[in-house]
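**Student:** This structure is in structure tokens; I'll ask about it shortly.
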Amino acid sequence: MENNLWKHIVTVRQESPLVHNITNYVVMNNTANALLAAGASPIMAHAKSEVEEMVAISLALVVNIGTLDEYWVESMILAARKAKSLKKPWILDPVGAGATSYRDNVLSELLILKPTVIRGNASEIIALSKANITATKGVDSTAKSDEAIQAAENLVRNYGSIVCISGETDIIINGNDKIFLKNGHEMMTKVTGLGCTASALIGAFIGVIENKTEAVVAAMSLLSISGQLAANKSAGPGSLQLHIIDKLYNITEEEFSADLKLDS
Amino acid sequence: MENNLWKHIVTVRQESPLVHNITNYVVMNNTANALLAAGASPIMAHAKSEVEEMVAISLALVVNIGTLDEYWVESMILAARKAKSLKKPWILDPVGAGATSYRDNVLSELLILKPTVIRGNASEIIALSKANITATKGVDSTAKSDEAIQAAENLVRNYGSIVCISGETDIIINGNDKIFLKNGHEMMTKVTGLGCTASALIGAFIGVIENKTEAVVAAMSLLSISGQLAANKSAGPGSLQLHIIDKLYNITEEEFSADLKLDS
Amino acid sequence: MENNLWKHIVTVRQESPLVHNITNYVVMNNTANALLAAGASPIMAHAKSEVEEMVAISLALVVNIGTLDEYWVESMILAARKAKSLKKPWILDPVGAGATSYRDNVLSELLILKPTVIRGNASEIIALSKANITATKGVDSTAKSDEAIQAAENLVRNYGSIVCISGETDIIINGNDKIFLKNGHEMMTKVTGLGCTASALIGAFIGVIENKTEAVVAAMSLLSISGQLAANKSAGPGSLQLHIIDKLYNITEEEFSADLKLDS
């Protein structure tokens, strides 16, 4: 797998997949910029009058419930159902799963539509699998990634999704394999919505890469290596937010390969 | 008071309060990043289906009407009412008060729910007190801070709120005291939504600091000192926006104490 | 015309026009910051309960359909109708025209209200004129600017608007003239929403400059020259986004005049 990751990054740059995002207000600007920097082509659209048509012209769909409300949830369901029927890949980012009963009910409805990939922090993945063995504190994770592995395996079994638990170590789980990615930097937890950026980048990669597990690993490693290179020259999370965008844009194969820390 | 302010900043970093924001689209990303940089834990949520539950798990609520509409106003009222009933502290940021009759009507409804703190610029505070002796020009202030003191005193008397008038000099008024804070930098007026950031930070501080007046002063001085330190190394407001986030994250007690200009 | 452009930039700085934006979620923060940096005063407001009143106190209206939905479209129409009846200048940014039938239907309704200016990329302008001789790929342009000239001339004839086709060469077309502006930098296409920023700046300029064609050229040249100066010192699109804001704020007449590349 390791030898394919950079190739996948180049593929995204070359094919510039159109990625349809139904995401939250907090991260829309950063998500769009991250997708552009990585070479993809973002579209943000949520009107019930157009989401199905937008899914049809896109290569992948990103559904992120961060600032959900009743209207947006209807759009998310319309779009995810369309993606499922057209066999287009889509990713679910269950922001704040477990924080309110409303979020959990919405997530149940979305899970039925069998996301190609689910990416969340450990608390969210645990809440999502209904194990609910930990209390979610808002949108930040209070559970360790490895505690969430069993929860992720439940989700893989029940919905056929690839699950990515992001954290100090990112863990990507599909039917057969567990992949551990040990890149990233602690300061990244102080920038809002980098998890959302991860999900959006995964959207771009699953839109054009056939092997969906490799697509997820490529996207996650691109972001986490870019993040640690960016953090090394950042005085704080404000600088880090923009340096990550720069690095997604100008990272070289040498930089990527020198820092990759992958176990499987 | 001066000797307690840094202690309060450390308390926020250590306790990482969950702050529920119902705020405007323009500033959501920056507000979330400022809260994270100061050590707090932001959640943005506005769905009528969940705002009350979200208030219940949060330590403070921030209501900012910048890009209000009919749906969001219903959410704000639900959330503020819940905060009042649970005796949780909440802050009202009356963005653009006086600009339209709709904003003024909404603000009347919110004031009845007795915000713990109200923060606005001089024009907004004057409009809010119904004195309306100045015309509001959009969301930027055209009135001097000190002209708004009488308006603020009306609000303190009528709603029991602490009022913070932000401007070249920030003025914090409660039942007994007036505190004048002379930090900040002129370039800060060219960054959108730093007033909104101030309100969000106040939300974090009133969430964990018992003395609410000191909490407001600590939040305002943290932002204004961070702003002036950041402005000194910024070529323009684009750089300033991110350097403020960096400085909120890495400011030291020495930097804070050396620059604090407080009169009471 | 060339001799007037800097004068217009100074006029915006001095008069600080209030610009009412009904725009998309992705760009609101950046748009507001760009307007502030150029000296204007932005207000973002979309509530049906207040948009007409907000148009009445503003000097110009910006309508950008990027993240439209049914509610926002009603607001846009209310606001544009009000602008038309008060003879206030307004600009239409047809983001993603041609991507879905919904967008095209909405744009037909808005065109009837005769925008003072229309600004889009080549694909959008072509879609807007119903020529539809190219397929729009999301929100990024796939057509060359000069292919869109005929489409623009149709729009000028049918709606009396000034049309600005932005791209590697920006082309401004009114009833009599075509003006070609060859500033800008390729990296600007990797920052989300700089087209939206262009439209917002045009809003500020048409709010206070009598000659609307010169107003459009001044706004476009200010942004594109600021962009190329900013790109020269940016490692990637993250840095570029903020350096453009800085440069809009601190650009001098010398910098502006030295780089201006205008043909008419």
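The backbone N, Cα and C atoms fix where each Cβ goes, and this holds for glycine too.
Feature list, courtesy of TrEMBL:
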BINDING   C:M44, C:G193  substrate binding site
BINDING   C:R119, C:S166  ATP binding site
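A description of the local structural setting of each listed feature is requested, covering burial, neighbours and distances.
**Tutor:** The local packing around C:G193 (substrate binding site), expressed as other Cβ atoms within 10 Å of its Cβ over all shown chains, amounts to 29.
Other Cβ atoms within 10 Å of the Cβ of C:R119 (ATP binding site), summed over all protein chains shown, number 32.
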**Student:** Are any of the binding-site residues C:M44, C:R119, C:S166 near chain A, where near means a Cβ under 8 Å from a Cβ there, and if so which?
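**Tutor:** It is none; no candidate comes close enough.
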**Student:** Where C:R119 (ATP binding site) and C:G193 (substrate binding site) are concerned, what is their Cα separation in Å, rounded?
**Tutor:** 13
**Student:** Can you count the other CB atoms that lie within 10 A of the CB of C:S166 (ATP binding site)?
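**Tutor:** The answer is 27 other Cβ atoms.
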**Student:** List those binding-site residues among C:M44, C:R119, C:S166, C:G193 whose Cβ lies under 8 Å from any Cβ of chain B, in sequence order, or write 'none' if there are none.
**Tutor:** C:M44
**Student:** Give the distance between the Cα atoms of C:G193 (substrate binding site) and C:S166 (ATP binding site), rounded to the nearest whole Å.
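**Tutor:** Computed Cα spacing between C:G193 (substrate binding site) and C:S166 (ATP binding site) is 12 Å.
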**Student:** Taking DSSP as the reference, which of helix, strand or coil describes C:S166 (ATP binding site)?
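**Tutor:** Its secondary structure by DSSP: strand.
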**Student:** Using Cβ atoms only, which residues of the same chain lie under 8 Å from C:M44 (substrate binding site) while being at least 6 residues apart in sequence?
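**Tutor:** Those within reach of C:M44 (substrate binding site), by Cβ under 8 Å and sequence separation of 6 or more, are C:N21, C:I22, C:T23, C:M28, C:T31, C:A32.
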**Student:** Could you say whether, by DSSP, C:G193 (substrate binding site) belongs to a helix, a strand or a coil region?
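**Tutor:** Note: C:G193 (substrate binding site) is coil by DSSP, not helix or strand.
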